[in-house]
Structures are given as structure tokens and as C-alpha cells.
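Here's what TrEMBL has on this protein:
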- A:20-50: transmembrane segment (TRANSMEM)
- A:69-276: domain 'ABC transmembrane type-1' (DOMAIN)
- A:71-94: transmembrane segment (TRANSMEM)
- A:114-138: transmembrane segment (TRANSMEM)
- A:145-165: transmembrane segment (TRANSMEM)
- A:205-228: transmembrane segment (TRANSMEM)
- A:249-271: transmembrane segment (TRANSMEM)
Amino acid sequence: MSDTTLSRIRFRSATDERLWVKVVLIAIAVFGIVILVFAPLIVVFAEALARGWQAALNALGTRDAQSAIRLTLLIAAISVPLTAVFGIAAAWFITKFDFRGKAFLITLIDLPFSISPVVAGLCFVLAFGANTAVGGWLVAHGFPIVFALPGIVMATMFVTFPFVARELIPVMVEQGRAEEEAALTLGASGWRVFFTVTLPNIRWALLYGVLLCNARAMGEFGAVAVVSGKIRGQTATMPITIEMMYNEYLSVAAFSLAAVLTALALLTLLLKTLLELRFADQLAATRRH
Amino acid sequence: MASTPRKPLIQRSPMPGLGLSMGITIAMLSIVVLIPIGALLTRGALFGPENMWGVINRDRVWAALYLSFRLSFLAAVFNLVFGVLLAWVLARYRFPGRRLLDAAVDLPFALPTAVAGIALTALYAPNGLFGQYARDIGLALTGTGWKIAYTQWGIFIALVFVGLPFVTRTVQPVIEEVEREVEEASATLGASRLYTLRRVIWPTLAPAALTGFALALARAVGEYGSVIFIAGNIPMRTEIAPLLIVIQLEEFNYDGAAAIGIAMLVISFVALLAINLIHIWSRRRIGNV
């Protein structure tokens, strides 16, 4: 071994790459993210503002855009709390009790992640469509599910179903049952134990799960495209309206609505990052274990 | 959770809320997930295996299924390589802008797929920013302009986008936990850095990388919103399997839609099963790490 290589070895930590290797790897990573993530992000805003602020704002003020925004907010307002209630109940049931078939139950809860949103929408059409027994009866009694609000809410819940439960289960497993048991011994009622002992322990994880659930609920496209019937002004959510406008060559209008959803996505990421920085220890073990 | 040989279905526990949490969990799981999926399977069973085969065994359906699974596999392979690189860079190196890069990786989770779809199309269309470059480079090199959007390349890029976070997010925490001492030991024993990476670090990352790969693959196969805008949707060439379901539904051919939906489910589950088997096999070979 010559002297020059010896000196180089001496100054480089054994668990480090050479500087040029690092620089190349970082450059590839940055280049990839710029091309794949930042470029589409910038394009959304650039296309929305292609004819200036006024054109973008006018596009957001049209009747179609307004009803789409209202519908999307309404769907999130119904589906996200329901999914959160399910997540809390499922996490409580799974982590506070021992029963056979627990792994199977968790698999069933995770099932929606491995099913195409389009297939999910198809399932609802086949289960509750007007030509099925259940669906026909419901339509006859003035409560249609498919091509109406309830179907969109249910399809949205399907695709977001595991989010909250998945976030809560690892946190509650890690925290165990000792604190709840102590509170029970001291005579607290079930609800009191939940609100004063469990909830404070899981609140940030719950918020984290709700945040991700909400982002997906407001942006869901495939499942909603199938169950909504895309009725303008009635069942067209924001993503569906974006598609309609885009297909009608209303580029500024489509990208203006898209920019609103993108801003929401960025806000979600910001809050998510803040939660991870501030409360990493109280979030699901998934991220750090 | 002590597992005794014959434990009862539900073990007795002092914890409150068994009935309520179990009731909510099972009721919501049934209404939102199990009944709709059951409806799909029932429809398929009533339609009959031979009729289903008649729907699936057509050139156009085979072409779509082959396209969906082939491009999803290729996109997941790309994400496997790029995702591990990204995870390594984010976990090991300190450089300005690292946090921004880290947060940007999650954007595909938060951005609605329809928004991603129109943004990517705007970028890669022949008159778009990147599409123009592709056309000019193609003209200069081969005499014909290269197209990205409205070809299989466009679909590939959309699938890479939606699958981007999975591998990085599963591998990154594992890299953060690799003990430097192990790498130092390897270096002291005379291993080169590359040898250490290949024989010491990669085996600990491989299971997580494979999990991320499976998640990215599952997501890509079912993806609809970000693909249909950029795909061009030409039968036999750029038509993905979920789109075929939507087309069948628009023609009110519910049996046909159910047949293709079930075919997608079966192929996905076989693929995931195969990945799980590789998982078990690699764990046995490398040891449980």
C-alpha cells in the first residue's frame, strides 16, 4: 500500500462514503425529486395563473366550482369523523382485549389499501346500485346510495378506512394497559378512563391519522368517479370537476381548482412535518422503528 | 399478550367498552368493506366462471391487464432503486435542504391523483416543458420527435410518481437504526465499503425494501386518477385495466366490470403472495434481522 492511500484511509471514517460518492448520490436524489415532485407542483400554480390572478379567481367563483368545493367539504366533514370513530373503536378493541383472530381482523382493516379505488367504487355499485335488491328498495324509499351523496361518502370511507386505525394501534400497543387499569382501580368510569387517560396519550397520533385521512378524502378520484355518476352540480366533487373542466379544455379553471387542492396538500405536509418534529415520540412507532 | 394453548374466543378483561368497541368495529367494517366486496364476489359467482373467462379472454382485456401489471412492476423496480438511494441520502447525509427534500417525498401521498395527473400531462405533453425537450432531443438524435405523454412512457412516469414514497418510507427508519459498530467491525476486518454495503447493510434493509416494493406495486396496479390523463387511453396500447372497468360500467355491463375487477383482485393477491413468500425465504436465508 502506498503512502498516499494510507493517508487517505486515515482521514476518512470507516463508515463513510468518499466525498465524491456522497455528492453524486445527493445530486441524483435532488435531481429526481425536483423532476418528479417539484416540477408538477410548480406547473399546477403556473397553469392556474397563466392568465393572471383575476382569471383564476373568476374560475373558482363559477357555479360548478363553488358547488364542487361545497360538496368536497361536506364529504370530508361526514366521512373523516366517521373514519376516526371507527379507528378509535378498532384500536381500542384490538389493543385492550385479547381474542382469537386478531391478526385476521387487522388484515381485513388493511384490505382497502390493496384494492384499486376503481374496484372499490365498483363494489359499491354492485352492492347498492339501483338494479340490486337492496339498492332498488332504498331508491324506492327515496334514499339512493349510488350516484348520490351516501355512496360517495361510503366510497371515500372505504379508501381511507385504515388510516386512523393503523396510526393508533402501534401507539396504543406501545403504551400498554397499565394506566387505564390504574384509573379503573381508582373507580373511574369507562368513558372517564378514555377521555382523561387514553385520549391525551393518543391525541397527536389521532390528529396525524385524521390529517392523512382528510387529505385522501378530499382528493379521492377513482372510487368517487365510479360511484358518483359525475352529475354536474350534484355529485361532482372537486377532483371530478377538475377532470370535467380539463376535458372541456378549460385549462385555467381546472388548474385553479387543482391549485386549491395542492395548497391543501402542502398544508397537510407542513402540519405532518411539524407533528413529526415536535411529537415524534408520541406518533406511531411505524415511522421510527 | 401471553398466548396460552387453548384460549377462549375473547379473554375476560376488566377493561370497559368491549361491546361498544367490538360493535362499532365489526358493524362499520361490514358496511364499508366486507358487504361491498362480498357483492363483487357474489356477482362474479352468479355470472359463472365460464362467462367471466369469456369476458377476460379477449385481446383488449389481456392487453390492458398485461400493460397494467408490466408497467406497475417496472415502476416499482425503479422506485425500489431510487427509493433506497433516497432513503440512504436522507438518513445518512447532512446537507442544506435535507428537510425540504424529506418532506417532498411524501407529496405523492398528499396530492390528489387527479391533480397529479393533469400536472404531469401538462409537463410531458408535446408542448409541455419536458415534453418539448423530449421532442427536440428525439428530433436531433433520431429524426423523429420523442413523445412521453400519451405513450407507455407517460403511464410509467405517473406510476413512478404515485409509488415514490413507499420504499423510502419503509427503508429510511431501518437505515437510521443500523448500528455503526457493525459497519466499523466489517471495515476493521478488511471489507471494502462496497463489500460492507452489499453484505452487511443490504441484508438488513432488504426485507423493508421488499415491503415497500410490494406496497408501491399494489398501489400502481390499482392507480387510476393520475394515469388516465397522461395515458391517451388507446385500446391495446395505452389502456390500463382500471379504465376497462370504468368503460364496462359506462355501458352498464355490470357483469363484465365484475369479471375484470375480480381478475385484477386475483392477480394482485397472487403477486402479493409471491412477494410474501420471497420475504419468508429471504428471512430464512439471511436470518431474522
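One-based numbering along the chain as shown.
Quick reminder: no glycine exception, Cβ is built from N, Cα and C everywhere.
Here the transmembrane segment (A:249-271) has Cβ contacts under 8 Å with residues 41, 44-45, 47-48, 50-51, 55-57, 59-60, 62, 65, 68-69, 211-212, 214-215, 218-219, 238-239, 241-243 of the same chain, all six or more residues outside its ends.
For the transmembrane segment (A:71-94), same-chain residues at least 6 beyond its ends with a Cβ under 8 Å from one of its own Cβ atoms are 102, 105-106, 109, 149, 152-153, 156-157, 160-161, 163-169, 172, 194, 198, 202, 206, 209-210, 213-214, 217-218, 235-239.
Taking every recorded stretch in A:20-50, A:114-138, A:205-228 and counting its Cβ pairs under 8 Å to the transmembrane segment (A:145-165), the highest total belongs to A:205-228. Residues 72-73, 75-76, 79-80, 83-84, 87-88, 116-118, 120-122, 124-125, 146-147, 151-152, 154-156, 158-160, 163-168, 171, 199, 235-240, 243, 261, 264-265, 268, 271-272, 275, 282-284 of the same chain, all 6+ positions outside the transmembrane segment (A:205-228), place their C-beta atoms under 8 angstroms from a C-beta of that stretch. Same-chain residues lying 6+ beyond the ends of the transmembrane segment (A:20-50) with a Cβ under 8 Å from its Cβ atoms: 56, 251-252, 255-256, 258-259, 262, 266.
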